[in-house]
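Residues annotated as transmembrane segment in TrEMBL: A:12-32, A:79-101, A:113-132, A:138-159, A:254-271. The domain 'ABC transmembrane type-1' annotation in TrEMBL covers A:75-270.
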Amino acid sequence: MQRKMTGGRRVFTIVNVLFLALIASTMIVPLWNALAESFSSNLGSMQPGILMWPRHFSLSGYQTVWTVLDLWKPFENSVLVSVSGTLLHVLLSTLAGYALAQPSLPGRRVISGLILVTMMIPFEAIMIPFYVTIQQFGLLNTLIALILSGAVSGFSIILMKNFFQSIPTDILDAAKIDGAGHFRCLWRVYIPLSKAGLATVTLFEFVSRWNNLLTTVLLINDSSKNTLQVALNGLVNEGSATSSGNLVTTNVKMAGIIIAVLPLMLAYPFVQKYFVKGIFLGASKE
Amino acid sequence: MASTGLLHQQTNPSIVYRTRRLSKWKRAIPLYVMLLPTIAYFMALTYYPLVHSVLISMQDFNLIGNRPFVGIENFRNVLTDPTFWVDFRNTLVLGVSMLAIGFVAPIVIALSLNELMQQWLKRSVQMIIYLPHLFSWVVVGGLWIQLLNPDGGLVNAVLNAFGISSVQFMSDPNVARWVIILVSVWKDVGFNCVIYLAALVGINPELYASAQVDGANRWQETWYVTIPCLARTMQIVGLLSIMGVLRMFDQIYVMRNAVIDPTVNVLMTYVYDQGFTQMNIGQATASALIILLFSLLLTVFTRRLVRYEI
C-alpha cells in the first residue's frame, strides 16, 4: 500500500501524530505527575503549580506509607489473596474447561447452560445475598472468603474450553490408545499445549483480583485483613486511613498509588498480548 | 490389572450389554469429578444467593434475630423511593454518555493509529494508552481526584497558567458528572482500541487493493472497507460495554463525595448504601433484584440486536 506522500497526506500525518500524542499524554502525564509527587517532600508535594519533577526530593512519602500507615500488611494480604485465588481459579477453570470440551460428556448442554447463565448475573446484583451466604458459612472477615469468591468464572471456563477444542483431536486419540485416562490426558497432553490459554486466564484473574475492591469492602471488617485496594482507598480517596490522625500529604497518597501499580507494571509486557487473545477466545462461538 | 478385568468382562455377553449401557456414564466419571468443584461453587455462591435473595427481598431482614415476612413491601419501598429514581436516572445519563463516547473514541484512535507508518511509534502509543485499563478504580480515581484538585492539582495549575481560574471539578455536581463519564472512557479506551487494532490487522489487504483500483481515496477506503470490516468487533465491544453499564460500582464508590452524590450515584451504589450503610437489607435486596431484571432484559435485548453468543 505504498503511496506517494501528497501535500494533504503530509498535513494529515502531522495532525494525526499530534492527536495521538495528545491522547497518549493524557495517559502518561498523570502517572508521571504521581511519580514526581511521590518522591517529593511532604510540603513540596502540597504546593500548587505544575509538578513534573520531584520538588525537594525525598523518600518520606514511601517511609510514611511503610512505617506510619503500615501498608505492608494489606500489601501482603493482597499478594496472598491474589496469588492463591488465581491458582485456584486457573485450576478449576482448566478442569471444567477440559470436561466441557469433551463431546462424550453426558449432560454437557445442561451444565454449559448453567454456567452460561451465571455470566448474565453480575456479582454486584447478588452482593447482599452473597454476603449473607458467606456469613452463613462462617467465613465473614476471613481471607479464605476472599480467595473463594471468584474461585471460577464462566468466562474463564469458556476461554479454556475454546482453547482445548482448538487442539487437534488426533493427539488426544493417540494418548487414549496408549491407555491414558482423562486426568493424564489433561496433564500430559492438553496443559502443555495450552500455555497461552493458561497465561491468559492467569493474567486476567490476577489483575482483576489485585484490583478487586468490592469483595473486600463487603466481606472484611477487620483492618488487619484488608487488602491493598481497600487500604489505599481509605488513604487516597478518603484521607482518613491514619488512626494517628495526622494529615495525609499528597506524596504519601501518590507513593501508595505507585506501590499498588508496581506489580501490574512488572506483569505488563506480557499482559497486553494475552488480553486481546483472551477477549477473542472467550468471545468466539461454540 | 484393569485391562485384564476388562477382557474378562467382555467374555460374558450379559455383562457386555450392561457395561455398554453404563459405560458412557461410567467413563464420564472423571469428567464429572473435574466439574464437581465448579458446579459446587456456582450452586453455593451464585445460584443459592440468587434464590435466597428472592426470599430476603420479601423479609424485613436482620442479620441476627427475627426476619418477619413482609411480602412486596420492600419492592414498594424501592419503587416509591425518590433516591432510587434519581440514581436510576443517573445510571441512564452516565451509562448512555459512557457508551456513546466510549464506543466512538476507541474506533477513532485505532484508525489513526493504523495510519501510522512508524511501527515503533504505533506500538508505544498502543502500550501507553492501554495502561489505565490495568489499574484499579482506586488508583485511577485517586490519580484524577489529585490531578483535578483545585489547590495543587496539575489540571488547575495548567488552567491557571493560561489565565483561567481554577475549576471545582469534584465539588460541582454537574462538572463532576462529566469527570466521571470522561474518566471512565479514559480508563477503557486503550483496551478497546487494542481489540480494534487486532481486528484491523486481520483485514484482507486485497480489499484495499481493489478499492484502489476502483479509484477510492484514503477516506473512502476507511469508510467503505475498514469500517464494514470492523462491524463484528464493534458488536463484541458494544455488547461488553452495554453489559457493564448496570454494573458500574467501583468508580462511583471511589470517586463520589457527599456534594456530588445526587448526580453521580448509580443503581449499584443505591444497593450498597441501602444494604450496608442504612442496613435495610431487605430493601437493598429488592432493589438488586429489580436491577437484575433490568440487566437480564438488557442482555436479552442486546443479544437479539447483535446476535452474538458467548
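Keep in mind that glycine also has a Cβ here, set from the backbone N, Cα and C atoms.
Taking Cβ pairs closer than 8 Å, the transmembrane segment (A:113-132) reaches residues 96, 100, 140, 149-150, 153-155, 157-158, 214-215, 218-219 in its own chain, all 6 or more past its ends. Same-chain neighbours of the transmembrane segment (A:254-271): 31, 34-35, 37-38, 45, 61-62, 64-65, 69, 71, 75, 199, 203, 206-207, 210, 228-229, 232, 235-236, counting only residues six or more beyond its ends whose CB sits under 8 Å from a CB of the stretch. Listed as Cβ neighbours of the transmembrane segment (A:79-101) (distance under 8 Å, sequence separation of 6 or more from its ends, same chain) are residues 108, 111-112, 115, 143, 146-148, 150-153, 156-161, 163-165, 182, 186, 190-191, 194, 198, 201-202, 205-206, 209-210, 227.
Below 8 angstroms of C-beta separation, residues 77, 80-81, 84-85, 88-90, 92-93, 96-97, 100, 115-116, 118-119, 123, 130-131, 197, 200-201, 204-205, 208-209, 212, 215-216, 219-222, 225, 227, 278, 281-282 of the same chain, each at least six residues beyond the ends of the transmembrane segment (A:138-159), sit close to that stretch.
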